[in-house]
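Trainee: Here it is, the structure, as structure tokens.
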Amino acid sequence: MAKESYKREKPHVNIGTIGHVDHGKTTLTAAITKVLSEKGQAQKMDFDEIDKAPEEKERGITISTSHVEYETPSRHYAHIDCPGHADYVKNMITGAAQMDGAILVVAATDGPMPQTREHILLAKQVNVPSIVVFMNKVDIADPELIELVEMELRELLSSYGFPGDDIPIIQGSALGALNGEAEWVGKIEELMEAVDNYIPTPVRDVDKPFLMPVEDVFSISGRGTVGTGRIERGVIKINEEVELVGIRPTKKSVVTGIEMFRKLLDQGEAGDNAGLLLRGVNKDELERGMVIAKPGSITPHTKFKAEVYILKKEEGGRHTPFFNGYRPQFYFRTTDVTGSVNLPDGVEMVMPGDNLSIEAELIAPIAMDEGLRFAIREGGRTVGAGTVTSIIE
């Protein structure tokens, strides 16, 4: 019996390998599982198993991603690795695999390459909080070059708003570690220590301010109006004050009942599908697409900047480019809102398969904060995906 008290849940952290093609992301992922499996902290996965990533659909977009799990003495990790550059772009923009931190893999033989830059920029845009660097292939690189690459990397990271001078850069050889060479195995252990210590533990959804997107609205005669949906974050208790945000003017209310699977509860929390009974709200004051949230925690907006990915024709996207003033629907949480797209200076048109920064203006306000994901749709068909990077008004 006494054993039970030691069973503490380790904090869970989502990470991924990012970086230029052929710099060793997948080899590193395989090396991490091999080194940790020898301590009983992972299931060893070979390069080929990780490389043939299964396809998944997220917001109508097909993405190939490999998921690997492992643990260190202090944490449990879910690690993603993507086979192709486009999969990374799609993954980061759709938030299909939310990353709490990333391991940037850079080959010492090449230094930073175009996709290295693009992945750092994307990580910044979509709010990946921190990066640890693994400089790979140092066993076959010129020692003087290694020093230059490290300086260049620190400058590059700083130029995109990451703390380049403080970021841990571990020099190693993923292949050497995979082959069991002691010197390089030690570097994988050093990398995991850096990831443990440098990437902050994320705030759990339950600990964030309460928010539930409204999926459906019912009225119960004599009792009031019920909004149903899946609680996205936080905890709600009976008699707590909430705000109804988005589409219409913001309105305050009090939750007088919480129902889940036809049972009455005294509280609901992140992940629960619940119905909230709201005091003093008419059925026509609440609709799908609004959110019920902790007062003051989120505000409605119509103008924002976003990083978007536009699907290729083969992915079911548009067959033709679009131009400034393009008016699709933006699908936020549970509903579509029409909006217009303003392209950056110097961009004449956007081709299927492109990713870029845009400004958008919606015809109705939506509850939003930075990092909110959305789909871009035309007549119910997904043609792109995006992340809100900043709010204009």
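Glycine residues also receive a Cβ, built from the backbone N, Cα and C atoms like all the rest.
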Trainee: Have a look at 36-39, 136-139, 380-383 and point to the one annotated region 'G4' in Swiss-Prot.
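Mentor: Here Swiss-Prot associates region 'G4' with the stretch 136-139.
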Trainee: Any idea which of 81-84, 141-144, 225-228 is down as region 'G3' in Swiss-Prot?
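Mentor: Feature region 'G3' in Swiss-Prot: residues 81-84.
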Trainee: Which one of these stretches, 50-54, 60-64, 255-259, shows up in Swiss-Prot as region 'G2'?
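Mentor: The listed stretch tagged region 'G2' in Swiss-Prot is 60-64.
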Trainee: Under Swiss-Prot, which of the candidate ranges 19-26, 315-322 is annotated region 'G1'?
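Mentor: Of 19-26, 315-322, Swiss-Prot gives region 'G1' for 19-26.
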Trainee: Other than its own, how many Cβ atoms are within 10 Å of the Cβ belonging to D22 (GTP binding site)?
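Mentor: Total other Cβ atoms inside 10 Å, all chains included: 12.
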Trainee: Reported as an integer number of Å, what is the Cα distance between T26 (Mg(2+) binding site) and C82 (GTP binding site)?
Mentor: 8
Trainee: For G19 (GTP binding site), which residues in the same chain are close in space, meaning a Cβ under 8 Å from its Cβ, but six or more apart along the sequence?
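Mentor: When sequence neighbours closer than 6 are ignored, G19 (GTP binding site) has K25, L104, V105, V106, Q115, T116, H119 within Cβ distance under 8 Å.
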Trainee: Let me spell it out: for each of the binding-site residues (K25, H85), count the other Cβ atoms within 10 Å of that residue's Cβ, using every protein chain shown. Which one has the most?
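Mentor: In terms of Cβ crowding, the pick is K25.
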